[in-house]
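Below you'll find the structure, written out as structure tokens, and then a few comments.
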2 protein chains.
Amino acid sequence: MLSEFDLIKQYFKRSGPNQARPARAALGIGDDCALLAPSPGMQMAISSDMLVEDRHFFAGADARMLGHKCLAVNLSDLAAMGARPVAFTLALALPAANPAWLGEFAAGLFALADLHGCELIGGDTTKGPLNICITIFGELAPGHALRRDAAIAGDDLWISGTLGDARLALAGYRKEYALDDAAQLMAGTRMHMPAPRVALGLALAGARLAHAAIDISDGLVGDLRHILAASNLGASLNVDALPAGPVLAAQPQALRRQFCAAGGDDYELCFTAAPEQREAILAAAIASGTAVTRVGTIVAAPGLRLVDAHGCALDLQLDGFDHFASA
Amino acid sequence: MLSEFDLIKQYFKRSGPNQARPARAALGIGDDCALLAPSPGMQMAISSDMLVEDRHFFAGADARMLGHKCLAVNLSDLAAMGARPVAFTLALALPAANPAWLGEFAAGLFALADLHGCELIGGDTTKGPLNICITIFGELAPGHALRRDAAIAGDDLWISGTLGDARLALAGYRKEYALDDAAQLMAGTRMHMPAPRVALGLALAGARLAHAAIDISDGLVGDLRHILAASNLGASLNVDALPAGPVLAAQPQALRRQFCAAGGDDYELCFTAAPEQREAILAAAIASGTAVTRVGTIVAAPGLRLVDAHGCALDLQLDGFDHFASA
């Protein structure tokens, strides 16, 4: 059986040519603390996400995809703030130290970390029910953060990428909805391997193109309500303008509406911006390789109004995911 | 049942007069990321610890003491680096949102946080087997960190406070060893409510009195070996000079030696310093209200030699705690 210290050394401590970029930390894994010096004048953006077996992923989930996903959800929080990824810590509770699982998990984790130049600088390992907690650090210039409370009445409402395929995959796994194998595989990849919109977030914040932003983890409607509450504003959302994922796009309208508006696990950005920025936002989207779609308007009157393609009110029973509401 | 968002708002989001000091973060709880700007020119010291039920604490543990302890173990990592506490994130997996438990947990957590001027700036809550992951942020001047690899041959070896009472309490709870009620209560307080040696760590690092330091969480011998390995040195440790906790001090010698040298859960500092600093270290100890004891010497020859009060070699079977070795 691997010891705790061997485990860290073997799977999570990297040095020399294996490292994709020069180390950002003044001191990394192996002491009581890591030491990190942000670039002069920059703020640190910090976020923590905890993923639990049977809650955020299935028992027996593919370890490589899990390594990707647990970092992706944290990178997505940096993207939603417009921060550049710098480093992260990993705390891991494992039922046992399984070398094959650890090798795959680390491979998935570091592949995504290297893609974003984000360095593992410390953490903790312990025995316990499988639980993965990553705290991520980014940096951004003061005043550039895409805050939830920064929407302005009259702003356009935008969505990156596509929505709903992750929720569709879940419905398929749960046998709530029948999908053929190819569709299940394609939608499942979207659920297991989300692509955090880091480049788009950086472009929106760096050039101050957007006002407010949030990443869509619990479902668009629920997450959008956080922006509206923080900004003390309302919105009109055209549900039929929401960009469905390629698998969901081939399903019936009622399912499309439901899973686009409140699917969850999308890790797309929902952001608001002044109408004068439309051209610049489309250019930023092309430059960052991320599609964006205009799906509504921020208004002064509180509340979220869902409308169809004709502007008629829709009475959908939608809500975001709440970890304790279903308890 | 409380929702996830109500839970955070009610128990963990504080503002205005409840807050013991002005907020350090540019943006705290409630957005995708917190924003933190370190003082100009300072490094951030970062550490993560994950505490798991039945592993780090008993099922049904007192929630207030648990709130204290899970922050204390992280503050102890900052102390061992000589960093000043600034802020922390809290990720919490809970089997259910129990208001009484949450109120007590938050009370214990914030009492210690306020004592050290350390602000909760973000985190995550989810449903799952009880798991508490805190990531803590401190700051210190570049070059001042008390690193594990900084010991020098000829250094004195020092220990703060007292050792072994936490391990003795565990032996009592496990019925491995009989303690009367008063002794069990007193030793148990030491196990449940460790006092992180933040003031001492700051004094040692700020005035550059010490070279290497580590906090004793897994047992002195095991933790000291991390300093020796990182510094590529050895040590002679006088086991009979180790300062036993007041309850352990009244127990037989064999138990005193065992639990002082390898008890675990002590959260004292083990540090090395040049002999010329003895007076200054004793003065810093008095100024920070923390006893310190000289217990050995760092030597050039690798390996850890345990000796008794007469300098004779002791052949004790001791080792630090490893989370996976006992699996």
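Numbering starts at 1 and runs along the chain as displayed.
Keep in mind that glycine also has a Cβ here, set from the backbone N, Cα and C atoms.
TrEMBL lists B:30-139 with the feature domain 'PurM-like N-terminal'. Annotation source TrEMBL lists Mg(2+) 4 binding site at B:ASP32, B:SER47, B:ASP77. Look at TrEMBL and you will find B:ASP32, B:ASP77, B:ASP215 tagged as Mg(2+) 3 binding site. The feature Mg(2+) 1 binding site is assigned by TrEMBL to B:SER48, B:ASP49, B:ASP124. Positions annotated as Mg(2+) 2 binding site by TrEMBL: B:ASP49, B:ASP77. Look at TrEMBL and you will find B:HIS56, B:ASP265, B:PHE321 tagged as substrate binding site. TrEMBL lists B:GLY123, B:ASP124, B:ARG148, B:SER217 with the feature ATP binding site. The annotation domain 'PurM-like C-terminal' is assigned in TrEMBL to B:154-307. The Mg(2+) 5 binding site annotation in TrEMBL covers B:ASP218.
In the three-state DSSP reading, B:ASP215 (Mg(2+) 3 binding site) counts as strand. Within 10 Å of B:ASP49 (Mg(2+) 1 binding site), counting C-alpha to C-alpha distances, fall the following of the binding-site residues B:ASP77, B:GLY123, B:ARG148, B:ASP265: B:ASP77. When the C-alpha distances from B:ASP77 (Mg(2+) 4 binding site) to the binding-site residues B:HIS56, B:GLY123, B:ASP124, B:ARG148 are tabulated, the minimum falls on B:ARG148.
Proximity to B:ASP124 (Mg(2+) 1 binding site), defined by a C-alpha to C-alpha distance within 10 angstroms, is shown by none of the binding-site residues B:HIS56, B:ASP215, B:SER217, B:ASP218, B:ASP265. Rounded to a whole number, the C-alpha distance linking B:SER48 (Mg(2+) 1 binding site) with B:ASP32 (Mg(2+) 4 binding site) is 19 angstrom. Neighbours of B:ASP218 (Mg(2+) 5 binding site) among the binding-site residues B:ASP32, B:SER47, B:HIS56, B:GLY123, B:ARG148, B:ASP265, defined as a Cα within 10 Å of its Cα, are B:ASP265. Less than 8 angstroms from a Cβ of chain A: among the binding-site residues B:SER48, B:ARG148, B:SER217, B:ASP218, that describes B:SER48, B:ARG148. Cβ neighbour density within 10 Å is lowest for B:SER217 among the binding-site residues B:SER47, B:SER48, B:SER217.
Mean model confidence for the domain 'PurM-like N-terminal' (B:30-139) is a pLDDT of 93. In three-state terms derived from DSSP, B:GLY123 (ATP binding site) belongs to an extended strand segment. Put simply, B:ASP32 is the one of the binding-site residues B:ASP32, B:SER47, B:HIS56, B:ASP215 whose Cα lies nearest to the Cα of B:GLY123 (ATP binding site). Across the domain 'PurM-like N-terminal' (B:30-139), DSSP assigns 36 helix, 44 strand, 30 coil.
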